[in-house]
Amino acid sequence: MEVEGRASNDNSLTLNLEHGQEDKNISNDSYDLSTAHTIDKDSWQQVGLMLVTGFNCGWIFSFSNLIMVPLGWTWGIILLFVIGLYTAYANWLLAAFHFIDGRRFIRYRDLMGFVYGTKMYHLTWTSQFLTLLLGNMGFILLGGKALKEINAEFSDSPWRLQYYIVVTGAAYFIFSFSIPTLSSMRNWLGASAVVTLAYIAFLVSVAVKDGKSNSDKDYSVSGSKVNKVFNSFGAISAIIVTNTSGMLPEIQSTLRKPAVKNMRKALYSQYTVGALFYYGVTIVGYWAYGSMVSSYLPENLSGPRWINVLVNVIVFLQSAVSQHLFVVPIHEALDTRFLEIGKGMHSGENLKRLFLLRMCFYTGNTFIAAAFPFMGDFVNLLGSFSLVPLTFMFPSMIFLKGKTARTEKKVWHWINIVVSFLLTIATTISALRFIINNVQKYQFFADV
C-alpha cells in the first residue's frame with residue numbers, strides 16, 4: 001500500500017507491512033529509535049500475556065455498573081460485542097503502520113507526526129499522555145479502594161480513603177522504580193496471570209452463588225430520557241476503555257521481528273482469552289446483582305469474609321503490575337529525556353535520576369487522585385475525548401494517505417473518522433456531565 005502526503009520533512013511515504021522490518025538500514029530521519037527503554041526483544045507470547053493480564057485488572061469490577069446498568073441486557077450485550085470487534089479491527093489496522101517508508105515508529109506521536117506534521121505530533125502527544133495520566137489516577141483510586149475494603153472487613157470505622165490512596169501511590173512508585181520498563185516485567189507476568197485468574201475465579205463463584213439466591217433482581221434502566229442518553233454514551237466510553245489502551249505502537253516497539261505479525265498474534269490473545277474474562281465478569285456481575293450492582297463489584301459480595309479479603313488483596317497486588325503497563329510511554333519519554341542513555345539503566349547516576357522521576361510522577365498523580373476520588377468518572381473521561389480518536393480516528397487518517405486505496409475503502413475510513421469525531425464529542429459531554437454532577441455532590445478529598 002502506498003501512503004502519500006506531507007510529513008514534517010515533506011517525504012513521500014510508503015507503508016510496508018513486513019518488508020521494513022527486514023531492512024537492516026532503516027532510516028531514522030527526525031524520528032529515530034533512541035530510547036532509554038528496551039525495544040525489539042520480547043516474544044508475542046510475552047506481550048499477549050501482558051495484554052491479557054493488563055486488561056483484566058481490577059477495573060473490570062466497575063464495568064457491570066458502568067456498562068450494563070445504563071444499557072440493560074439487550075443493548076449492553078450488543079454494544080459489548082460490536083465495540084469489541086471495532087476496537088480489535090482498529091488495533092489490527094494500527095499494528096500495520098509500525099513501519100512506514102523504511103522507518104520503524106516506536107511511539108504513536110512519532111508516527112502521526114511523520115505522516116501529518118508537527119501539529120499532529122503535539123496533538124497525539126497531548127491526547128495520549130492525558131489518557132495515560134487519567135488512567136494511572138484511576139489505578140491509584142482502584143488500589144486505594146481495595147485497601148479500604150480490606151479494612152472495612154475488620155472495622156466498622158475504616159480509615160479515610162485518602163490514606164489508602166497514599167499507600168497505593170507509594171507501592172506503585174516502588175514497583176515502577178524497581179521494574180522500569182515493559183520488557184523487564186517478563187518475570188512478573190506469570191505470577192500476575194495466576195493471581196488474575198484466582199481473583200476472577202473467587203469473585204465469579206461468589207457472584208454466581210449470590211445471583212442464584214437473589215430472586216428480586218431488577219434489570220430495568222432508570223432515569224429520564226435525557227439521562228438515559230447521556231448514561232448510554234458514558235457506557236460506550238467504558239466499553240472502549242475495556243478493550244483498548246491508546247498506546248499500541250509503544251507496546252509493539254518491544255516485540256522482536258516480525259513486529260507486525262507478532263503484534264497481531266498478541267492482539268488475538270487479548271480479544272479472545274482476555275475478552276472472555278473481562279466480558280465474563282461484566283456480564284456475571286450484572287446478572288447476579290442487577291441494577292444494584294456496585295461501581296466496585298467486590299462491595300456486593302456476600303462473603304465469606306476470607307474471599308472478600310483475598311479478592312481485594314489480589315486486586316491491589318495485581319493493579320501494581322497492570323498500572324505499570326498503561327503508563328510506560330510517559331516513563332519512557334521522561335527516562336529518554338533525563339537519563340544518560342549511554343549508561344546502563346541501573347548505573348549509579350541513572351538510578352538517582354530514575355528515583356526522582358518516578359517520585360515526582362507518583363506524588364503528583366497520587367495527590368490529584370486523592371483530591372478527586374470519583375473512579376467511574378475517570379473511566380468515562382478516559383474513554384471519551386482522547387481514547388476514541390487514538391483508537392478509531394487516527395489509524396483511518398493514516399490509511400487515507402494511501403495512493404492505491406480503493407474508493408470503497410476510502411469511504412469506509414472517512415465514515416470511521418466522522419463517526420469517531422461525533423462519538424468523541426458525545427462521550428466527552430457525557431463524561432464532563434458526570435464529573436460536574438459529582439463535584440456538586442462531593443467535596444474535594446471526599447471519603448467516598
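Using the three backbone atoms N, Cα and C, a Cβ is placed for every residue, glycine included.
As the structure is a computational prediction, the values presented were derived from the model and not from experiment.
Positions annotated as domain 'Amino acid transporter transmembrane' by TrEMBL: 41-430.
The annotation transmembrane segment is assigned in TrEMBL to 47-67 (among others).
Per TrEMBL, the feature transmembrane segment maps to 73-100 (among others).
Look at TrEMBL and you will find 121-141 (among others) tagged as transmembrane segment.
Per TrEMBL, the feature transmembrane segment maps to 161-182 (among others).
Remote same-chain partners of the transmembrane segment (189-208), defined as residues 6 or more beyond its termini with a Cβ less than 8 Å from a stretch Cβ, comprise 46, 49-50, 52-53, 56-57, 60-61, 277, 280-281, 284-285, 288-289, 297-298, 300-303, 307, 310-311, 314-315, 317-318, 321-322. Annotation source TrEMBL lists transmembrane segment at 189-208 (among others).
Using a Cβ-Cβ cut-off under 8 Å and counting only residues 6 or more beyond its ends in the same chain, the transmembrane segment (228-248) has close neighbours at 54-55, 59-60, 62-63, 66-68, 70-71, 75-76, 79-80, 83-84, 87-88, 90-91, 94-95, 108, 127-128, 131-132, 221, 263, 271, 275, 278-279, 282, 325-326, 328-329, 379-384, 386-388, 390-391, 423, 426-427, 429-431, 433-434. The transmembrane segment annotation in TrEMBL covers 228-248 (among others).
The annotation transmembrane segment is assigned in TrEMBL to 268-289 (among others).
Below 8 angstroms of C-beta separation, residues 35-37, 50, 53-54, 57-58, 61, 107-108, 128-129, 132-133, 135-136, 139-140, 142-143, 146-147, 149-150, 153, 168, 171-172, 175-176, 179-182, 185, 188-189, 192, 195-196, 198-199, 202-203, 245, 247, 250-251, 298, 301, 357-358, 361 of the same chain, each at least six residues beyond the ends of the transmembrane segment (309-334), sit close to that stretch. Feature annotation from TrEMBL assigns transmembrane segment to 309-334 (among others).
Annotated transmembrane segment per TrEMBL: 355-375 (among others), in sequence order.
Long-range contacts of the transmembrane segment (381-400) within its own chain (CB-CB distance under 8 A, at least 6 residues past either end) are made by residues 3, 86-87, 90-91, 93-94, 97, 108, 111-112, 115-116, 124, 127-128, 130-131, 134-135, 138, 236-241, 244, 246, 409-410, 413-414, 416-417, 419-421, 423-424, 427-428, 430-432, 435. Among the features that TrEMBL reports, transmembrane segment is placed at 381-400 (among others).
Among the features that TrEMBL reports, transmembrane segment is placed at 412-436 (among others).
Same-chain residues lying 6 or more positions outside the transmembrane segment (161-182) and placing a CB less than 8 Å from one of its CB atoms are 37-38, 42, 50, 136, 139-145, 147-148, 151, 188, 250-251, 254, 316, 319-321, 323-325, 327-328, 331-332, 335, 345, 354-355, 358-359, 361-363, 365-366, 369-370, 373, 445-448.
As a quick check, the transmembrane segment (268-289) and the transmembrane segment (355-375) miss the bar of 3 or more Cβ pairs under 8 A, pairs 6 or more apart, so the two do not touch.
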